[in-house]
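Below is one structure; the comments refer to it alone.
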Amino acid sequence: MYIGTQDLLKQYDAYLLEHGYQIEELVNLASDALLNHFTKYNRFAILIGPGNNGADGYSLGLKLEKLGKHVIYYYSGDIGKVSQANRYYRDQCKENHLIYVDEDNINTINWNDYDCIVDGLFGFGLNSAPRGMYKIIIESIMNNYNGTIGAIDIPTGLDCNTGKAYDGALKADFTVTLTALKQGFLDPRSLEYTGKVILETLAVKDCFKEAGLFEYVGEDYAKEHLRKRVYNGYKNIYGVDGLIVGSDQYTGAPLLATKAAYYTGAGIVKTITSEKVTSLLPLYIPEAIPVLRPQIFRYDDFDGYDALLVGCGLGLEERAFRAVIDIMTASICPLVIDADALTILSRNMHLLEKQDRSVILTPHIGEFKRLCHVEDYPDLMIAAQSFASQYHCILVLKGPHTIVTDGKSSYRIASGNKAMAVGGMGDTLAGIITSLLGQGYEPLEAAILGVYIHGRAGDEVAKHAYTVIPEKLIEEIPHTMALLIGEIEK
Ligand SMILES: NC(=O)C1=CN([C@@H]2O[C@H](COP(=O)(O)OP(=O)(O)OC[C@H]3O[C@@H](n4cnc5c(N)ncnc54)[C@H](O)[C@@H]3O)[C@@H](O)[C@H]2O)[C@H](O)CC1
């Protein structure tokens with residue numbers, strides 16, 4: 001299953017058009033995909049907007065008519081300004097089935113003459129609140145209609161990217177969404193407008209990834225990619241992780257990252273840290289190996305590691321800057337960069353350009369803005385993809401349904417919940433990803449799996465709790481992983 005934003009969906013359509021499809025053909029395929037969901041109704045009012053959502057409405061109506069259904073098309077606006085496909089399908093409709101709606105006749109329409117209203121006013125092309133007659137039509141239906149409303153692609157008035165309703169939005173009973181889930185549908189509050197969401201793909205060449213859509217990662221991915229531990233395994237085959245984390249000022253973050261790495265299955269974790277943290281570490285997690293962080297790293301300080309993590313309570317003092325620069329210039333194994341280390345990196349972006357190994361960055365949105373040196377983005381998913389592609393890194397952009405992308409393949413992760421918005425959660429995730437990286441998972445796989453496991457463990461804890469404390473989440477990790485691998489049952 002794939003996810004799109006307005007820009008990504010436009011990009012997808014443009015890709016198909018560049019690869020030999022005609023827009024009329026795509027609309028025909030869209031109505032093929034829609035048809036089955038409407039055949040149980042008999043009398044249809046199809047609302048037609050000026051774009052291709054309206055074209056879908058005409059094309060669907062023509063097919064319903066062929067099945068002997070009663071169909072009337074209600075349209076408004078300037079007929080000279082409709083899309084090419086809209087005109088093409090409109091020209092095939094019988095004149096007496098087309099009703100132009102204006103202020104003079106709106107009150108004469110009895111919407112309850114129809115057992116189904118099909119919403120083909122606006123789809124992902126809507127860019128502001130529906131205006132003029134469109135707004136009036138929506139109000140008239142919402143105030144008077146008692147039957148079923150089925151929306152094509154997106155209910156009119158719902159923002160495709162945010163899932164927020166504009167002033168004047170149609171509340172559908174069901175939405176048949178085309179090609180990909182819309183990012184806005186990830187916000188559960190959109191359900192009030194979409195009703196039940198049914199995803200239908202068009203019978204076209206499989207090009208979701210090439211066109212830049214994001215794959216939605218759920219339990220199936222984790223079950224397929226998570227590996228069982230081997231019968232005769234020993235600690236070294238599960239990786240030696242080096243965590244350059246913590247400072248005397250921030251002592252909690254390194255402890256959480258270390259514990260998360262162990263609980264995710266790391267063989268050995270060496271926590272290279274400040275004096276205060278080295279003394280706290282054995283009390284919190286006796287398995288960990290504390291190493292006092294040197295003022296300046298030498299090349300051989302990084303020997304023998306399978307994965308490194310830098311960040312998590314490192315602080316922003318001069319010596320933290322020194323540590324990040326040393327790690328980025330003197331170490332060679334796969335690296336996870338989190339928290340303060342991202343802030344330090346944002347002032348030294350040239351370091352990222354020179355990396356000849358896998359680097360995973362795990363910013364939240366504020367840190368991402370700092371890395372990009374911008375205030376805001378029109379489309380976060382596209383911004384994430386471009387960043388990863390420009391810097392040849394893997395980006396884990398944390399938030400609801402965290403984004404993971406290497407610039408070529410992109411993902412939204414299904415697990416996680418609002419109870420996880422708690423300090424220390426990012427340190428926990430960084431520890432999990434580093435652990436998987438050290439265990440030999442491919443870097444992109446480690447990032448996706450790490451985010452999924454982190455969110456899933458959080459979901460398990462949230463079943464019985466108002467907030468998810470990182471400590472509780474960490475303790476849930478081995479159980480969650482065993483469940484996913486199928487070694488225990490629910
Ligand atoms: N691959 C697919 O999934 C396909 C989906 N299809 C359908 O096409 C629409 C998107 O079509 P598009 O023409 O880009 O956008 P809309 O129909 O939503 O309308 C755009 C149209 O509306 C004008 N407009 C925008 N905002 C407003 C407003 N607030 N008030 C008035 N007018 C507004 C804008 O200027 C344009 O003229 C998608 O949702 C699917 O239903 C196709 O079948 C192709 C394949």
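Placed from the backbone N, Cα and C atoms, the Cβ positions cover glycine too.
Sequence annotations record features per position, and here TrEMBL assigns (6S)-NADPHX binding site to A253, G313, H364, D427. Within 10 Å of the C-beta of A253 ((6S)-NADPHX binding site) we count 29 further C-beta atoms, all protein chains included.
For K398, G399, P400, H401, T402, G426, the entry in TrEMBL reads AMP binding site. Classification of T402 (AMP binding site) by DSSP places it in coil, neither helical nor stranded.
What TrEMBL lists as domain 'YjeF N-terminal' is 9-210.
Among the features that TrEMBL reports, domain 'YjeF C-terminal' is placed at 218-484. Model confidence over the domain 'YjeF C-terminal' (218-484) stands at 96, taken as the mean pLDDT rounded to a whole number.
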If you measure between the CA atoms of K398 (AMP binding site) and D427 ((6S)-NADPHX binding site) and round to the nearest Å, you get 12
Cα of T402 (AMP binding site) to Cα of A253 ((6S)-NADPHX binding site): how many Å, rounded? 21
For D427 ((6S)-NADPHX binding site), just give me the three-state DSSP call. helix
Minimum Cβ neighbour count within 10 Å among the binding-site residues H364, G399: which residue? G399
Calculate the distance in Å between the alpha carbons (Cα) of G399 (AMP binding site) and D427 ((6S)-NADPHX binding site), and round it to a whole number. 14
List the other residues in this chain whose Cβ sits within 8 Å of the Cβ centroid of the (6S)-NADPHX site residues A253, G313, H364, D427, in sequence order. Y250, L256, A257, G311, C312, D338, A339, D340, G423, G424, G426, A430
